[in-house]
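Asks: The structure that follows is given in the form of structure tokens.
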Amino acid sequence: MAVKVGINGFGRIGRIVFRNAVEHPEIEVVAVNDPFIDPEYAAYMLKYDSSHGVFKGEIKKDADGLIVNGKKVKFHTERDPSAIPWKASGAEYIVESTGVFTTTEKAKAHLTGGAKKVIISAPSADAPMYVMGVNEKTYDGKADVISNASCTTNCLAPLAKVIHDKYTIVEGLMTTVHSYTATQKTVDGPSGKDWRGGRGAAQNIIPSSTGAAKAVGKVIPDLNGKLTGMSMRVPTPNVSVVDLTVRIEKGATYDEIKATVKEAANGSLAGILGYTEDDIVSSDMNGNTNSSIFDAKAGISLNKNFVKLIAWYDNEWGYSRRVLDLLAYVAKADASK
């Protein structure tokens, strides 16, 4: 039986989570909340997407929500999460995708309306973070609010795990070459303390900070303090790429490392970690459901202990699929208790 899900925040991730849910056999979205748009506009935004194309299905608007592929989706417009009547539509698991309620205290407000559990689709300062294929098995059901970490952590962590398990990472640096996002500016404008972040997204390569590499230490405790990184925001609308440069304890040729990653991609991490030897570019990865796609031809090694590894990720589509996979995993674990 499908898990009944509510989505709070119908922005980029909220809508892409919805699109992925339509394809996910274990998930049924029964309610959406967004105080800034009405159902008619929500239907339009769900149907048409500049990066992912026209919705493959039927969307209709009715009196109090949407009908998607014949199924009713209740639409709410509450600003306060505690006021959203999730129970009325049967939504038990909530995807918190506003980018605003990212702490346990703020996200717990959803429980007031009848939700059982909240999954934050962003990093959290205090909620337990889980990355599918890395540490989801440590979930014990005690926390009401959990985080799916960031799209970049979801790309980096599975690859780092494979390398660390086989060769032991001594230390490493990561750079994510990241497509621009909604928080950036279309033209130069004020941006608080991040002056570079206020420059036009489509005109510049913008150095930026990211906590994605450090967050790997939270999901792989053995790597805590051994990885850090930065971001380069670039003028592409979707798909990003991680450059992970590491020093490894157990020496290996690049071909040996490729074989290790390929084995994991075809085995224990199938559907999470991809592997390709094709001459791909970023747009080829648009719509890819993996968290991370290892580019075997793009990496290089200096010697047997120092290597640069490259992995692509659709920072919208792949990440949103993992949000739902984590949700389905958690719901199944909760039901077995």
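All positions are counted from 1 along the displayed chain.
Using N, Cα and C of the backbone, Cβ positions are placed for all residues, glycine too.
For Arg12, Ile13, Asp34, Arg79, Asn315, the entry in Swiss-Prot reads NAD(+) binding site, with the evidence type similarity to another entry. The D-glyceraldehyde 3-phosphate binding site feature in Swiss-Prot is assigned to Ser150, Cys151, Thr152, Thr181, Thr210, Gly211, Arg233; the stated evidence is similarity to another entry. What Swiss-Prot lists as active site, nucleophile is Cys151, and the listing cites sequence analysis. What Swiss-Prot records for His178 is site 'Activates thiol group during catalysis'.
Locate each feature and note its surroundings.
Replies: A 10 Å cutoff on Cβ-Cβ distances gives Asp34 (NAD(+) binding site) a total of 24 other Cβ atoms nearby, all chains included.
Long-range C-beta contacts of Gly211 (D-glyceraldehyde 3-phosphate binding site), restricted to its own chain and to partners at least six residues apart, with a cutoff below 8 Å, comprise Pro123, Ser150. Gly211 (D-glyceraldehyde 3-phosphate binding site) falls within neither a helix nor a strand when secondary structure is assigned with DSSP, and so counts as coil.
Within 10 Å of the C-beta of Cys151 (D-glyceraldehyde 3-phosphate binding site) we count 29 further C-beta atoms, all protein chains included. In the three-state DSSP classification, Cys151 (D-glyceraldehyde 3-phosphate binding site) falls within a helix.
In the three-state DSSP reading, His178 (site 'Activates thiol group during catalysis') counts as strand.
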Asks: Distance between Ile13 (NAD(+) binding site) and Cys151 (D-glyceraldehyde 3-phosphate binding site) at the Cα atoms, whole Å?
Replies: 10
Asks: Please work out the number of neighbouring Cβ atoms within 10 Å of the Cβ of Ile13 (NAD(+) binding site), leaving out its own Cβ.
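Replies: So the Cβ neighbour count for Ile13 (NAD(+) binding site) comes to 25.
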Asks: Is any of the binding-site residues Arg12, Asp34, Arg79 within 10 Å of Thr181 (D-glyceraldehyde 3-phosphate binding site) (Cα-Cα), and if so, which, in sequence order?
Replies: Arg12
Asks: On the Cα atoms of Ser150, Cys151, Thr152, Thr181, Thr210, Gly211, Arg233, which are listed as binding D-glyceraldehyde 3-phosphate, what is the maximum pairwise distance in Å?
Replies: 16
Asks: Largest pairwise Cα distance, Å, within the listed NAD(+) binders Arg12, Ile13, Asp34, Arg79, Asn315?
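Replies: Answer in Å: the longest Cα-Cα distance is 27.
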Asks: Quick one: which residues besides Ser150, Cys151, Thr152, Thr181, Thr210, Gly211, Arg233 have a Cβ within 8 Å of the D-glyceraldehyde 3-phosphate site's Cβ centroid, in sequence order?
Replies: Thr176, His178, Ala212, Ser231, Ser240, Asn315
